[in-house]
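Enquirer: Dumping what TrEMBL says about this protein:
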| type | residues | note |
| --- | --- | --- |
| ACT_SITE | 115 | active site, pros-phosphohistidine intermediate |
| BINDING | 9, 57, 85, 91, 102, 112 | ATP binding site |
| DOMAIN | 1-138 | domain 'Nucleoside diphosphate kinase-like' |
Ligand code: UDP
Ligand code: MG
């Protein structure tokens, strides 16, 4: 099983979509192992979006992530990183396929509802960035055999 990080961006909080978006991950069968509301600082956003630091929109993207608190989540599942990226859809909400989160809820490249880690290595780094160890929980999930065959997990 893999863990991945999802951030419900300020646009999601502002539009009152928090419950709906969390429900998408729950209904898929991902297991919630951490969740908290936090107001991101420019410092942590500079680290998080370091891959964009040469881009003209770097500061704009960081500022948009600090408009209000966000909700950070840790989801677990087999291939969770890929599953969550597929659920999220293409970065630009206008190009994202219908049925994906961004395809269903976003008209924007920037205001695109969620952040989702893009590889298992990134997920491990990002989970450490946003969660303390005691904020992530491993626990027995009673419905595992309803989610997977016994040789899948
Ligand atoms: N972004 C933007 N304009 C762009 C590319 C990215 O505003 O041309 C924002 C957008 O909010 C995106 C974030 O920067 O989600 C991180 O970009 P990345 O390429 O990592 O996309 P993601 O992994 O979120 O799909
Ligand atoms: Mg990315």
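Any Cβ shown, glycine's included, is placed from N, Cα and C.
Since this is a predicted model, take the numbers as computed values, not measurements.
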Enquirer: Check each residue in the chain of residue 9 (ATP binding site) that is at least six apart in sequence and keep those whose C-beta is under 8 Å from its C-beta; list them in sequence order.
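Expert: In sequence order, the residues whose Cβ lies under 8 Å from that of residue 9 (ATP binding site) (at least 6 apart) are 64, 65, 70, 111, 112, 113, 114, 115.
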Enquirer: Other than its own, how many Cβ atoms are within 10 Å of the Cβ belonging to residue 57 (ATP binding site)?
Expert: 13
Enquirer: If you count, for each of the binding-site residues 85, 102, the other Cβ atoms lying within 10 Å of its Cβ, which residue has the minimum?
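Expert: Across 85, 102, these binding-site residues, the one with fewest Cβ atoms within 10 Å is 85.
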Enquirer: Consider only the binding-site residues 9, 85, 102, 112: which of them have a Cβ under 6 Å from an atom of ligand 1? Write none if no residue does.
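Expert: So the answer is 112.
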Enquirer: Taking the Cβ of residue 91 (ATP binding site) as the centre, count every other Cβ atom within 10 Å, in any protein chain shown.
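Expert: That number is 13.
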Enquirer: Reduce the DSSP letter at residue 9 (ATP binding site) to three states and note it down.
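Expert: The residue in question, residue 9 (ATP binding site), is coil (DSSP, three-state).
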